[in-house]
Amino acid sequence: MGRRNRRQRANERRRKLRTNESESEIVSDEQSRENPYPPSDTDVDEAEARGRQMQNMHNLSEIKVEVPISNARAPEIIEPEIIDRRRKVNSFHKAVLRGDWTSAKTALSSGENIGLIEITERRDTALHIAAATKQTAFVRNVVPHLNTDVLELKNREGYTAFSFAAVSGVVEIAEIMLKQNKNLPTIPNREGKTPLEIAISLGHRKMVEFLYEKTPLEDLKAREYINILLATIHTDMYDIALKILYRQGIQISTTDIRWALKALAGKTLRVHGFQGHRRWERLVSIIATIPCIPYFRRIHSKQEIMKQARELVKVLCDRITSPYSDIYNLTQDAWIFDDAAKFGNVEFLNLLIDHSYPDLFWKFNQNYRSILRLALINRQEKVFSLIYQIGAVKHLITLYRDHAGNNVLHLAGKLASRSRLEIVSGAALQMQREVQWFKEVQKIVPSSFLHMRNNHGLTPRELFSMEHWDLRREGEMWMKNTVSFCLVVATLIATVAFAAAITIPGGNNQESGTPILLKDEWFKVFVISNAVAMFSSTTSIVIYLSILTSPYVEDDFLFSLPAQLMFGLFSVVVSIFCMVLTFSATFFSVYDEENQGPLRGLVAGLACLPVIIYPMLNYKFWNTIVFSTGWTAMLTSQPVGKRLY
């Protein structure tokens, strides 16, 4: 019986262990049933031993799994001192942002140096934050408690608190710090920018004037004060730039002058609309003294800035110590006259030619392009008009070709850049401007240039047609779409005017057939205005049909198509005004004064709305057409001033 009970317990253990053993070590229930031999005592002992071993392994595996899980979920232990320190620093930071000096003092432990505490990830101190947030009172309270070395502390980007004061533009904050440490204006940031350069770049005029007086430029590195000079040019602070150049002990190399001139080459040196009009400039200067006219005061201020810019160009040219033959090499290396010609800075070129280098017209850059060629490529009419100031020399300059075999007429045949095309709106007017350029250049070159071929075997005219094919198609579509809409309006007005002429207001006399209101003054206005509306709308229809049936060759865009469009639009406008006048005259003639009452003034006021609204809405479009059509006259006009040669 003992053996039998032991066998039964062994069999029960086997069944329990089958769920925990691996598949390779588990014996299926079917195999145990198929075994006809009962297990022996040895088998029972081995089974019991194996069962105890597997149970131990199972327990160990459970322990290995549970241990890392419990460790992963364990909370991070932070020391109470660290938590308290963080809380104090945050309270201190908030107090600094508010400018609350009392709360800032009580937020920290006694004996701590407020100026040494870094309260942001950028390693900003309290003085950094106070200067950046313009907390003048806080700065006034904290600076006396700081050593001079603390004021020179930098954050991660290399900014001192004094640099942040320059960023804020608050002069009083800078004064407070400067009283404590005189070396602060000379400490640059990680990028090498001094506080003065930072203030100039941000346009803080008062801060710039203060820092200029307090900054010892003579003690700065050459690169630092040259960057300051360039910053004044970029921000139009030419008066500060002149002060720097006139300052004793400042030496500027020829290379530095090159970069300064390059920056000025892209600047406008005259107020728009006042070029060459000295009398207007003097008149504006007088009117600017009147307090109630701020517009002229702003114009006068711009004129003074431009005058300082022109003086700066002259001073820089005077500082060039290289031989005369090297002046062009100086300007060529920096592409100075390239930039001036590209941006249309004719005043800068005039100063450079008159003051330093009269022979600049004859020089070519690395791409074998002169000033006039660059002006032609970039479609700068003001620079190109200088050619009319050099007399017969212009014929010699136009003889040269570039490396591709293009003469100046080839350059005029190339398509202008998108930025220059979009000066005028509408593809047709853009095409007109391109044809005007080509025709104008054709006038100043020998007739043989029109038949010259470049290295690609193209004449100037062939190159023009190839380059402007897409623009010509766009101009054709733009013109047809514009005319189609206007044609619908003109047709409707003609229809209404014709119907109004047949249907006479007030009717006819049944006996004589004459209009009943024939002797009324408003009836006469009706007849005249209706006739004008009819004829003007019919005229516009004829003009628009002529535009629609045009072959749209390149020369049509020069004058024919724009002029027809302009007269067609004028005819439509006249017909619209006359149609409104016809309606008003009909109303006044049919209804007598006794029955009209306040309607008379109301109708007259409403009739004026189209007359006022249409010019306001279409002034820009009309001005573009008229200006573009007469633009050639402006291109050929000589600039005011003496001849260069």
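Glycine is treated like the rest: Cβ placed from N, Cα and C.
What TrEMBL records for 1-17 is compositional bias 'Basic residues'.
Taken from TrEMBL, the feature region 'Disordered' applies to 1-45.
Residues or ranges marked as repeat 'ANK' in TrEMBL: 191-214. Sequence-distant neighbours of the repeat 'ANK' (191-214) (same chain, 6+ residues past either end, Cβ-Cβ under 8 Å): 158, 160, 162-163, 165-167, 169-171, 174-175, 178, 184-185, 220, 223-224, 227-228, 231-232, 234-235, 237, 240, 243.
Among the features that TrEMBL reports, domain 'PGG' is placed at 477-588. Remark: secondary structure over the domain 'PGG' (477-588) totals 87 helix, 2 strand, 23 coil, with classes taken from DSSP.
Remote same-chain residues near the transmembrane segment (482-502) are listed as 426, 526, 530-531, 533-534, 537-538, 540-541, 544-545, 547-548, 565, 568-569, 571-572, 575-576, 578-579, 582, 586 (criterion: CB distance under 8 Å, separation of at least six residues from the stretch ends). For 482-502 (among others), the entry in TrEMBL reads transmembrane segment.
The transmembrane segment feature in TrEMBL is assigned to 522-545 (among others).
Summarising the annotation, TrEMBL assigns transmembrane segment to 565-591 (among others).
The annotation transmembrane segment is assigned in TrEMBL to 597-617 (among others).
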Segment-level pLDDT (mean, integer) for the repeat 'ANK' (191-214): 95
The repeat 'ANK' (191-214), counted residue by residue under DSSP: helix, strand, coil: 18 helix, 0 strand, 6 coil
